[in-house]
Amino acid sequence: MTDKIVTAEEMRHYDFYTINTIGIPSLVLMERAALAVRDEILHAFPIALKDVVVVAGSGNNGGDGIAIARLLHIAGVHVTILNIGNPQHASAEHQTQEKIAQYYQIPETSDLAVLNKATLIVDAMFGIGIDRAVKGAYADAINAINNTDAVVVAVDMPSGVNTDTGEVMGTAVRATTTVTFAYNKVGLTKNDGKDYAGNVVVANDMGTYAVD
């Protein structure tokens, strides 16, 4: 266990070193991240698993979300993927996870109405990547999430919260729990970020290595 708290740039540096110098593939890190979130959901929120919706952006945080959806599906949970953003801009890892999800025939939609019946929502839109005000479909999705009574589990960071400052970038997901990877993030400990994050769980057994 470590009390280390990092910025977005530090975390990107550690990920880059792990992937490109040590040689651990990014998909391996993504799978470990997904397993950590799955375990937290299954162990902490078993009563909220009737209808789970994973809200996935087009980047690697969304790829984490799709992997989480697959793992929950395999565990017998009824899960739907709500895709937000442009799939043509999806990262390579995201595209790989999408192909696997299609193999398992996990339901997917772009209709925000699916959130209305959700008992648990996984927020996998931005992660540590947000650096500007949230607008458009992402803002609509965040506001729709916040208008539900569902348990909300954020992946790495609540979408819309700045990783370095804890500032809300226009609008942000109000999470019940945030599962953050490898190290705690500065933005989860200060300003609005500490309130929007809910209970913070640091999944530190990620295989990501710090090099300072």
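Cβ atoms are placed via backbone N, Cα and C, with glycine included.
Taken from Swiss-Prot, the feature domain 'YjeF N-terminal' applies to 11-212.
Residues or ranges marked as (6S)-NADPHX binding site by Swiss-Prot: ASN60, ASN61, GLY62, GLY63, ASP64, GLY127, ILE128, GLY129, ILE130, ASP131, ARG132, ALA133, TYR138, ASP156. A 10 Å cutoff on Cβ-Cβ distances gives ARG132 ((6S)-NADPHX binding site) a total of 8 other Cβ atoms nearby, all chains included.
Taking Cβ-Cβ distances under 8 Å and a sequence gap of 6 or more within the same chain, the neighbours of ASP123 (K(+) binding site) are VAL55, ILE145, VAL152, VAL153, ALA154, VAL155, PRO158, SER159, VAL173, ALA175. When secondary structure is read from DSSP and collapsed to three states, ASP123 (K(+) binding site) falls in the strand class. Per Swiss-Prot, the feature K(+) binding site maps to ASN61, ASP123, SER159; the stated evidence is sequence analysis.
The candidate set comprises the binding-site residues ASN60, SER159. Of these, SER159 has the most other Cβ atoms within 10 Å.
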